[in-house]
Amino acid sequence: MFPLTEENKHVAQLLLNTGTCPRCIFRFCGVDFHAPYKLPYKELLNELQKFLETEKDELILEVMNPPPKKIRLQELEDSIDNLSQNGEGRISVSHVGSTASKNSNLNVCNVCLGILQEFCEKDFIKKVCQKVEASGFEFTSLVFSVSFPPQLSVREHAAWLLVKQEMGKQSLSLGRDDIVQLKEAYKWITHPLFSEELGVPIDGKSLFEVSVVFAHPETVEDCHFLAAICPDCFKPAKNKQSVFTRMAVMKALNKIKEEDFLKQFPCPPNSPKAVCAVLEIECAHGAVFVAGRYNKYSRNLPQTPWIIDGERKLESSVEELISDHLLAVFKAESFNFSSSGREDVDVRTLGNGRPFAIELVNPHRVHFTSQEIKELQQKINNSSNKIQVRDLQLVTREAIGHMKEGEEEKTKTYSALIWTNKAIQKKDIEFLNDIKDLKIDQKTPLRVLHRRPLAVRARVIHFMETQYVDEHHFRLHLKTQAGTYIKEFVHGDFGRTKPNIGSLMNVTADILELDVESVDVDWPPALDD
């Protein structure tokens, strides 16, 4: 059943004769169910022409001050003269515009610039799908997004003013919200075709996105007059190649007075010579996240690449030893590494290890069995004796928040080998065992002042346990609040950490070795070996 009614004929004939395609006509007539839009374009045009052939009265078009004045005004004057000689007093729509309705299938829509014509047909859908299949991405669903030229909003505004005026003659109204949005109509037509061609559902929450960007160089200046009338709407923004974004154009159209618009832009809009061009067809997959715990056994390995003034100081890092394997297997473009704290280059991380997470950006492969992840973990562990990884698993973006939760409240356990300048006996260190929840103030250490703001941070040493080695050495086991600088707690950092081991013992103390024994974060979940 054809979706238009007798009430729509006036508007449909008007739009068709001024160069508007059938699908845009449906939009302006408020057709909000999908089926009619999905008909093949030629069939749709034939059905529309059949529907309009039953119209008995010619429609009157009152052209609203179009800029290409000389051509169209001359056409109108000639039409009026011819009609007056025949004793008729009305202007036929068929005399206005460059195209009669029967030839509309040869012309580009003056509103959508071909978007709802050529780019809704199966040939174009197949072209996009071929690009998707050649991209090499794994996906079980997709979200399809399009970017239309901003001048489409200007053209739609002009067509709306035209239709609104004509409907006003019949005491009818047409609000902007009554028009079906171009993107909505485009989705109604294309989504089922994409889903059928690729064999997967269209899902707005899918991590795999196919995006198509359209442009129309021929009409790119359609928006420019708005900048002169509404300059506040068009301000340069970072990462934007043009000030004429869709949002800026819509803001200006909502602000501009109708009479000002009509002085500057043809109504109805001119028919273009060519359809839109496809600037790009891109595929991208949302990031996936891998988490685990790592042990670091080397005292000559930084957590992240150590590069100063463009020069690499050490050949590798914990981050690289793990991420290189993940990048290769997930076929990702890049990654972001994060962890629950960090250790210095000369500090080992023992026990159950330190929690970490890696964000893999735009991965092409995303589906793995638990066995495949276990094999990947083994591959990482076999590749180096400097680190080991455990509990490797895929996690969600939201789950990574657990790693950072309670950053100040969580605790860490350390083991340090201490040197003292004065000779000591076992009894000289035993009093440290009795100290509980010692509060200290730490001014930002000198060694990190270049990358951390100057501040005094209150920290807590929950307990200490000593182990005598010889008259100048003892081992100190301690549990502290996360974020405590252990080296500075031992040597005092020139008095910037108070109290410290040196001040408590009334000696000069320094730290020779430091190991992280545990990071007390219950994440990620432990896995069976």
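Including glycine, each Cβ sits where the backbone N, Cα and C put it.
What Swiss-Prot records for this protein:
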- Cys21, Cys24, Cys109, Cys112: Zn(2+) binding site (BINDING)
- 42-89: coiled coil (COILED)
- Ser79: phosphoserine (MOD_RES)
- Ser84: phosphoserine (MOD_RES)
- 304-317: region 'RNA binding forefinger loop' (REGION)
- Asp344: active site, nucleophile (ACT_SITE)
- 442-457: region 'RNA binding thumb loop' (REGION)
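DSSP assigns Cys24 (Zn(2+) binding site) to a helix in the three-state reduction. Look at the region 'RNA binding thumb loop' (442-457): DSSP puts its residues at 3 helix, 4 strand, 9 coil. Only residues 6 or more beyond the boundaries of the region 'RNA binding thumb loop' (442-457), in the same chain, are considered here, and those with a CB under 8 A from a CB of the stretch are 483-485, 487-489, 493-494, 496-497. Excluding Cys21, Cys24, Cys109, Cys112 themselves, the residues of that chain whose CB lies within 8 A of the CB mean position for the Zn(2+) site are, in sequence, Thr20, Pro22, Arg23, Ile25, Asn110, Val111, Leu113, Gly114, Ile115, Leu116, Gln117. Note: the Cα of Cys21 (Zn(2+) binding site) and the Cα of Asp344 (active site, nucleophile) are spaced 67 Å from each other.
According to DSSP, the region 'RNA binding forefinger loop' (304-317) comprises 0 helix, 4 strand, 10 coil. In the predicted structure, the coiled coil (42-89) carries a mean pLDDT of 53. Neighbour density for Asp344 (active site, nucleophile): within 10 A of its CB lie 15 other CB atoms from the protein chains shown.
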